[in-house]
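Visitor: Please find one structure pasted underneath; my questions will follow.
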Amino acid sequence: MTSQIIPVEPFDFIVFGGTGDLAERKLLPSLYHRQHAGQFSEPTRIIGASRSKMSDDEFRAFARKAIAEHVKPEDTVGEQVERFLARLSYVSVDAKTGEGFSRLKKAIGSNEAIRVFYLAVAPALFGDIAGNLQEHGLVSPNSRIVVEKPIGRDLESARALNDQIGAVFDEQQIFRIDHYLGKETVQNLMALRFANALYEPLWNSAHIDHVQITVAETVGLEDRVTYYDKAGALRDMVQNHILQLLCLVAMEAPGSMEADSVRDEKLKVLRSLKRVNGAEAPRSTVRGQYRAGASSGGAVKGYIEELGNGQSNTETFVAIKAEIANWRWAGVPFYLRTGKRLASRVSEIVIEFKPIPHSIFDENAGNISANQLVIRLQPDEGVKQWIMIKDPGPGGMRLRQIALDMSFAESFQERNPDAYERLIMDVVRGNQTLFMRRDEVEAAWKWIDPILGAWEDSRQEAQGYTAGTWGPSASIALIERDGRTWHESD
Ligand code: BG6
């Protein structure tokens with residue numbers, strides 16, 4: 001199967017934080033891939049902007065290295081890399097003082113093409129950059145601004161950031177990225193639900209027992225000490241990625257894939273989440289922090305040692321029993337968990353259906369397990385539908401569970417594009433379906449804030465777990481107390 005590439009109109013892509021980690025690992029390689037796929041129209045330009053002093057050639061050397069390190073060699077043959085580097089230029093700017101913005105204006109010139117301002121910088125600079133863009137007359141009707149999480153650290157700070165950006169750009173021009181929404185399998189969740197007649201009639205509390213969402217990582221702190229220790233897993237992963245996944249599982253069918261149609265439905269889910277109050281928090285939430293152990297086959301340090309400065313109660317693991325108070329989901333718990341330095345890297349959504357109402361088989365048939373639909377987001381993307389069958393051969397009617405297994409990797413031989421590729425092209429097209437609207441971000445914080453508050457008030461400690469395990473034992477208890485168990489990923 002070949003994919004269909006629809007070229008986008010020519011655009012200027014201005015990346016603030018152009019020499020940073022995100023630009024190196026994701027943005028430049030993703031842009032390169034889209035050029036390579038033939039999606040660019042000419043003239044398309046990429047302008048790096050950051051505080052460092054750098055010449056165009058030095059920025060090109062930076063991009064060349066980024067491509068060499070993050071794009072497979074077979075995709076860099078021929079003239080493609082040189083063509084890509086020829087689009088690049090660099091301007092040194094200081095967001096705080098405004099120094100350099102006139103140079104940026106000169107570099108862009110009177111070009112009226114689509115203009116994407118990508119803010120791969122700390123949120124503290126969002127307001128300054130937006131203000132400088134406005135002051136220097138750089139915001140054209142054809143401009144869009146892209147901002148990365150974290151959008152705030154609570155509702156109040158999120159509102160302040162949204163106000164700062166909103167003072168310069170219309171909501172239709174603001175693209176709040178959650179890269180999970182660009183993942184192929186996350187989009188597949190919508191295809192599975194709304195392009196098949198099979199599941200939707202069963203997708204409710206009459207047929208579904210509970211839902212599990214796991215985003216497990218094996219990495220630890222990496223180089224993000226300052227950010228991560230202030231954020232923790234609840235802000236870093238649950239407020240955005242996990243709640244977005246929950247929304248896609250739980251939302252009503254939108255009228256269309258049009259941006260506001262989808263986002264209206266997600267917003268309703270966020271607003272229906274049952275608030276976790278102070279008294280419930282210790283029972284329905286678990287905080288964990290990894291201790292020394294083994295990960296990916298080697299010994300690894302504990303969080304505190306990695307941090308290198310003594311003490312911290314920041315959680316690197318969180319599990320929550322969430323409930324959605326609406327007709328479709330009343331009584332169906334959503335068990336959420338995410339953590340660093342866990343036993344394996346796996347992100348998946350498990351929909352567990354209710355048991356059959358009555359068994360016609362005798363005890364020799366064995367246990368009849370409830371059907372499970374397992375949507376594997378990464379790695380080994382695919383969908384498994386677990387069903388009961390008769391064990392083949394003689395021996396009477398013995399039943400066993402097997403998976404109808406659909407691996408996307410095996411079915412589609414093409415390279416799985418990085419989430420950023422899809423999302424950047426959507427920004428250029430002006431399609432906001434896979435981006436978070438202001439009210440969504442704020443509704444997510446409205447649910448997160450009371451949990452943060454409850455943890456603080458009750459001084460709920462992050463419980464230690466050994467690196468390379470599935471988190472603190474309290475997380476097992478959280479689900480087993482309800483007579484259920486975490487799905488074991490294979
Ligand atoms: C980021 C978080 O948003 O997502 C990181 O800040 C996390 O802490 C990352 O590691 C996970 O993304 P992915 O695509 O590797 O699952």
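Quick reminder: no glycine exception, Cβ is built from N, Cα and C everywhere.
Curation plays no part in TrEMBL annotations; they are all automatic predictions.
Residues or ranges marked as domain 'Glucose-6-phosphate dehydrogenase NAD-binding' in TrEMBL: 14-188. As annotated by TrEMBL, NADP(+) binding site applies to Arg51, Lys149. Residues or ranges marked as substrate binding site in TrEMBL: His179, Lys183, Glu217, Asp236, Lys340. Per TrEMBL, domain 'Glucose-6-phosphate dehydrogenase C-terminal' is recorded for 190-487. What TrEMBL records for His241 is active site, proton acceptor.
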Visitor: Given a 10 Å Cβ-Cβ cut-off, pick out the one of the recorded positions His241, Lys340 that has the most other Cβ atoms nearby.
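Guide: Compared across His241, Lys340, the most Cβ atoms within 10 Å surround Lys340.
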Visitor: Let me know the most crowded of the binding-site residues, choosing from Arg51, Lys149, His179, Lys183 and counting other Cβ atoms within 10 Å.
Guide: Lys183
Visitor: At the level of the C-alpha atoms, what whole-angstrom distance separates His179 (substrate binding site) and His241 (active site, proton acceptor)?
Guide: 8
Visitor: Work out the three-state DSSP category of Glu217 (substrate binding site).
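Guide: Note: Glu217 (substrate binding site) is coil by DSSP, not helix or strand.
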Visitor: Ten-angstrom check, please: count other Cβ atoms within 10 Å of the Cβ of Asp236 (substrate binding site), all chains counted.
Guide: 22
Visitor: Taking Cα-Cα distance, which of the binding-site residues Lys183, Glu217, Lys340 are within 10 Å of Lys149 (NADP(+) binding site)?
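Guide: Candidates kept after distance check: none.
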Visitor: Pop the Cα-Cα gap between the residue listed as 'active site, proton acceptor' and Lys183 (substrate binding site) into the table, whole Å please.
Guide: 11
Visitor: Let's check the environment of Glu217 (substrate binding site): how many other CB atoms sit within 10 Å of its CB?
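Guide: If we count other Cβ atoms within 10 Å of Glu217 (substrate binding site), we arrive at 20.
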Visitor: If you measure His241 (active site, proton acceptor) to Glu217 (substrate binding site) at Cα, how many Å is it?
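Guide: On Cα coordinates alone, these residues lie 13 Å apart.
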Visitor: Nearest of the binding-site residues to Arg51 (NADP(+) binding site) by CA-CA distance, picking from Glu217, Asp236, Lys340?
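Guide: Sorting the binding-site residues by distance from Arg51 (NADP(+) binding site), the top entry is Asp236.
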Visitor: For ligand 1, list the binding-site residues among Arg51, Lys183, Asp236, Lys340 whose CB atom is within a distance below 6 Å of it, in sequence order.
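Guide: Once distances to ligand 1 are taken from each Cβ, Asp236 fall under 6 Å.
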Visitor: Check the DSSP secondary structure of Lys340 (substrate binding site), expressed as helix, strand or coil.
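Guide: For Lys340 (substrate binding site) - judged by DSSP and reduced to three states - the answer is coil.
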